[in-house]
Ligand SMILES: Nc1ncnc2c1ncn2[C@@H]1O[C@H](COP(=O)(O)OP(=O)(O)OP(=O)(O)O)[C@@H](O)[C@H]1O
């Protein structure tokens, strides 16, 4: 009987050729599937996606599933994928499952990543099964890459090197310029200006993976070899190798390439064996012509679960942050993504979305998808009114989380003062400053009027709020540490 991964791969393969590229990229590639008894559960990122897929593609999917499963699947349902993007952290424990599954010889093979780039695949071959199984580890050597690009049918097996994640599709601004430049620089052959290791950190959904895939794509174009791992795949493959006395083979294979990328490196914390093995590779990739890129959700100094040996090594080269993009960058990202999907997004609509989705580009994309799905379902043109309607739930959630009570509470906690102090009249700087910050955040995040904000802060005059906003703007421009605190607070509130 066909396994679910292969079945779904085959269905996607067929769908890819039956719809336009942008429809496939936007609506079908993000889907995943698993099987429960005789039901295939297709998972989509959100409700709009689900309704769009049901309306436009479910019939085709059902037919393809029936064809490829040869009747073993009786029903196909489409659900929201609540677990999407949730990290699967406990992999050393889970490794037993991996080993158990490895009794399937295809999977055993796949534990050595370079096997995933067999240059002469056929759709539905071992290769496509492998690719869906180890979707997060990639190795490409020059032989394989030529074959991979020569053969269009190969594209899906490289689909985990997201073809949309390139330097050309990345929008830069103050929030990510340094990370972009560092990546761009080291992706040039013989660059004299590269830092090793390059450590990129920042919250989820801000483009770290996008940038690392962009570097990998450039390496690919320049016939240079690389491995890309998420930490969890690195751990899986390491554990398998250790248990099967293949660790030296595994490391030898990795050491052959020019570039090693490990995403979500924080996942290695506490996994003693895996992290020690990683450290032995570290030395190889930070000398000579080799290059190491690491990404994490936090700065090395904050990775307290790692011992000092790791933290200091992580900071040997260049450590760069990616931060939430400013509003004009968010607008640009929206317009660029819209154009990419062949849609026109009027400026006022882009501005509305950017004002309401602030801290995470992945969510920005989600909101855009929702707008497009709505336009597709209703056939309505994209206008501000339509966008406001399509995003009413997002806006309501934001209004709920970002209210002035919450802002005062979070700012008070952050500066270790009481909410009573913030509301009160004391003018000592240790209290007046957090109060001004809370007012400025209220203005920025709720968009409420100066008089209303003054009223909510213990009946103050609107000029006090205006003065607070000016003062905070001046301090942010003059003092990077202050600016960072402000941004952290803003992000905390928007993630709430
Ligand atoms: N500056 C940008 N320009 C264009 N697209 C962007 C930008 N930043 C992020 N994105 C898009 O946002 C989405 C999420 O980005 P990505 O997966 O790289 O985030 P991440 O920082 O690696 O998050 P995580 O830590 O959760 O893996 C991707 O679709 C990516 O293309």
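Placement of Cβ uses the backbone N, Cα and C atoms for every residue, glycine included.
These come from TrEMBL:
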REGION    1-116  region 'Domain I, interacts with DnaA modulators'
DOMAIN    194-320  domain 'AAA+ ATPase'
BINDING   205, 207, 208, 209  ATP binding site
REGION    376-496  region 'Domain IV, binds dsDNA'
DOMAIN    403-472  domain 'Chromosomal replication initiator DnaA C-terminal'
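Shown here: features listed in TrEMBL, placed on the structure.
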residue	record	contacts (Cβ under 8 Å, 6+ apart)
205	ATP binding site	360, 361, 362, 363
207	ATP binding site	170, 176, 179, 322, 361
208	ATP binding site	179, 200, 201, 202, 263, 295, 322
209	ATP binding site	162, 165, 263, 295
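Same-chain residues that are not part of 205, 207, 208, 209 yet have a Cβ within 8 Å of the Cβ center of the ATP site turn out to be 202, 204, 206, 210, 211, 295, 322, 361, 362. If you take every residue in the region 'Domain I, interacts with DnaA modulators' (1-116) and average the pLDDT, you get 68.
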